[in-house]
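Participant: Input: one structure, supplied below.
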Amino acid sequence: MAIVNHTLGFPRVGLRRELKKAQESYWAGNATQEELLTVGRELRARHWQQQKDAGVDLLPVGDFAWYDHVLTTSLLLGNVPARHQNEDGSVDLDTLFRIGRGRAPTGQPAAAAEMTKWFNTNYHYMVPEFTKGQQFKLTWTQLLDEVDEALALGHKVKPVLLGPVTYLWLGKVKGEQFDRLSLLQDILPVYQQVLAELTKRGIEWVQIDEPALALELSQEWLAAFKPAYDALQGQVKLLLTTYFDSVSQNLETIKALPVQGLHIDLVHGKDDAATLSAQLPANWVLSLGVINGRNVWRADLSNWFERLQPLVGTRDLWLGSSCSLLHSPIDLSVEVRLDDEVKSWFAFAIQKCAELSLLSQALNSGNGQALEAYSAPIRARRTSTRVNNVAVAQRLAAITAQDSQRQNVYSVRADAQRERFNLPAWPTTTIGSFPQTTEIRGLRLDFKQGRLDGNNYRTGIAEHIKQAVAEQERLGLDVLVHGEAERNDMVEYFGEHLDGFVFTQNGWVQSYGSRCVKPPVIIGDVSRPEAITVEWAKYAQSLTDKPMKGMLTGPVTILCWSFPREDVTRETIAKQIALALRDEVADLEAAGIGIIQIDEPALREGLPLHRSDWDAYLAWAVDAFRLNAAVAKDDTQIHTHMCYCEFNDIMDSIAALDADVITIETSRSDMELLESFEEFEYPNEIGPGVYDIHSPNVPSVEWMEALLKKAAQRIPAERLWVNPDCGLKTRGWPETRQALANMVQAAQRLRETQ
């Protein structure tokens, strides 16, 4: 019973983001479809070979996607929204891109599929749409074609298929409401057909992903698994694959399924491998996800060897990544700017494959000696001065409950703020960023690469800030922002100015479609060596008599959008960041900045998958925000901004943030999100976004006025602000000017009618 190792998936984009560049070139009409397809074939061949060379026994096929793997599954099943369908019902690569990007077959705009986070990761998937009486059929053979490719190259492969129950769980009903689980019987024949085709190709194992089993599912959803897998049994062997959390809460359901193996995530789950193994059918393969697919840290293989050795020989064991390596950068070896000490702490996708090979070899031989040397750097890290900062630890230990409390309650603060700012009814503002022009990006790049000295860089940034302030004054906005010309990214910018962070050159991971992000890595205790935003906020305030907002990214968002440490809790990291940013709030206040916005768009994203764990997370997440903000005096107005949020199930926590003003994304939901605030009787001020900044469309004055009137039916007008949905970084100036002018006019009309 030799241990087999495998990965659940591999990054798609390529070391140099080749897929992104090929996609965007094709979309722009600068490359043919065949050229795009060639890039895909080359990437798949390279990635299979890289995994094989690193010692992976069983290679995943079907993890590659032209846009998103859930969207690929939709096409496999023939699930194409009517607005994106070809007249003849055919499905091709352009169909896939139309769904992801928002086009009709005629080339006219048509709403893209909704996009949302893949469980609790920073990857986004395209939400499947379901309609009553919908038909499904095998229309997109990408998986089968890629299996043929891999077999032709001589690889031993394991096709990857998103499971039917999770697929339905991920989707949304459109039009007439019905139970989407009723579609299960309609999609199973397509799954049967795919498995039959794989059987014909001599495939032994199929990895069938059901990450929904890591959730606390209702009985209705749990009951769907048995009939689904009864229908799928009897062809190839099925490895039921779960990840992102433990599955013990659903173990009775899992044990009854006619599958041949189970994969569990031992990195993020709380399951004990030996306990779980004893409860599973003896003839099942148990695949243990021991290498973290969602982070960049080198594994302590010696520790895993000690934990897993008692299981060897008790049953068929596989070793795998905790989840797909999609969420990890590709290759550490190209990171030439990281110093040797820090680099020795990391492992990217290729290195993680090698870790699987090392660990499986050691367990198969019964000799873990080779793992000691490999694990030494991660163990030495524990005492590194790069990691441990005594002053941070002392400050963290000294936190009291009072540190998270503003001086007075909101009603008292609101009076002080009204007296200080004397704002009109329906005050207008923006969320923070203004268009990042080619000139601004070029200025930052020239400075970063040494072609521009510091003085000339600051002169250039100051000019862009001056222009942004002048634009806002011309438009008649009430509370201004400096526009963030100096910031490349809302998390990276702060990470670059805080101790405890490092940055990679090529640590790209896919966010969605062709969009890639390069998250910072939190390697040690976080502190602020000097003020970060004060210089530019103070300069911007000097240009106007109107209030100027200071702009900070909040502690939970910085944590969620970085690769975090694994040796301390997320709560500890969040509170370290909060203390650093607390000092920034105090310095902004001392510099005369009276309104400070602390953005927390990731607050909801950080929720654990198990609802039973929510309260503990929300308690420390809210406390981190309050710790960050509570140093402010009564007449300093604290704003926060959240986007892509559903609030109704966390309203207590939103209110507990105790921000004076919260701005939220509501235009796309036609103000429906405000229902949560109305029902809860949210006590503080709210700025419901009145137009969607993700679209170049310019909303009319009448449209925004109507939305604001709708908002005033739910929230008292004296507590309403007027603002866009989100920052304007990705927009151009022409539509920004026009949209904001209309927004200001809508607010003025409402003032006149009050």
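Cβ coordinates are placed from backbone N, Cα and C, and glycine is handled just like the others.
Quick paste from Swiss-Prot:
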ACT_SITE  His694  active site, proton donor
BINDING   Arg17, Glu18, Leu19, Lys20, Lys117, Arg515, Cys516, Trp561, Glu605  5-methyltetrahydropteroyltri-L-glutamate binding site
BINDING   Ile431, Gly432, Ser433, Glu484, Asp599  L-methionine binding site
BINDING   Ile431, Gly432, Ser433, Glu484, Asp599  L-homocysteine binding site
BINDING   His641, Cys643, Glu665, Cys726  Zn(2+) binding site
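Thinking about packing and proximity, how do these listed features fit into the structure?
Facilitator: For His694 (active site, proton donor), the count of additional Cβ atoms within 10 Å of its Cβ stands at 16 [all protein chains shown]. Under the three-state DSSP scheme, His694 (active site, proton donor) falls in the coil class.
Neighbours of Leu19 (5-methyltetrahydropteroyltri-L-glutamate binding site), defined as other CB atoms within 10 A of its CB across all chains, total 24.
Counting only same-chain residues six or more apart in sequence, the Cβ atoms lying under 8 angstroms from the Cβ of Gly432 (L-methionine binding site) belong to Val481, Glu484, Lys549, Met551, Gln597, Asp599, His641, Gly727.
Secondary structure from DSSP puts Ile431 (L-methionine binding site) in coil. Sequence-distant neighbours of Ile431 (L-methionine binding site) (same chain, 6+ apart, CB under 8 A from its CB) are Val481, Gln597, His641, Thr663, Asn723, Pro724, Asp725, Cys726, Gly727, Leu728.
Cys643 (Zn(2+) binding site) falls within neither a helix nor a strand when secondary structure is assigned with DSSP, and so counts as coil.
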Participant: Neighbour count, 10 Å Cβ-Cβ cut-off, for Cys643 (Zn(2+) binding site): what number do you get?
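Facilitator: A 10 Å sphere around the Cβ of Cys643 (Zn(2+) binding site) contains 20 other Cβ atoms.
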Participant: Are there any residues in the same chain, six or more apart in sequence, whose C-beta is under 8 angstroms from the C-beta of Cys516 (5-methyltetrahydropteroyltri-L-glutamate binding site), and if so which?
Facilitator: Val13, Arg17, Lys20, Trp508, Val509, Gln510
Participant: Given the recorded positions Ser433, Cys643, Glu665, His694, state which is nearest to Leu19 (5-methyltetrahydropteroyltri-L-glutamate binding site) when distance is taken between Cα atoms.
Facilitator: His694
Participant: For Glu665 (Zn(2+) binding site) and Ser433 (L-methionine binding site), determine the Cα separation and express it in whole Å.
Facilitator: 15
Participant: Given the binding-site residues Arg17, Lys117, His641, which one is most crowded in terms of C-beta atoms within 10 angstroms?
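Facilitator: Comparing the binding-site residues Arg17, Lys117, His641, the most crowded Cβ belongs to His641.
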Participant: In whole Å, note down how far the CA of Cys643 (Zn(2+) binding site) lies from the CA of Glu605 (5-methyltetrahydropteroyltri-L-glutamate binding site).
Facilitator: 10
Participant: Rounded to a whole number, how many Å is the Cα of Cys643 (Zn(2+) binding site) away from the Cα of His694 (active site, proton donor)?
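Facilitator: Taking the Cα atoms only, Cys643 (Zn(2+) binding site) lies 12 Å from His694 (active site, proton donor).
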Participant: Whose Cβ lies within 8 Å of the mean position of the Cβ atoms of Ile431, Gly432, Ser433, Glu484, Asp599, the L-methionine site, other than those residues?
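Facilitator: Near the L-methionine site, beyond Ile431, Gly432, Ser433, Glu484, Asp599, sit Thr430, Val481, Met490, Met551, Gln597, His641, Gly727, Lys729.
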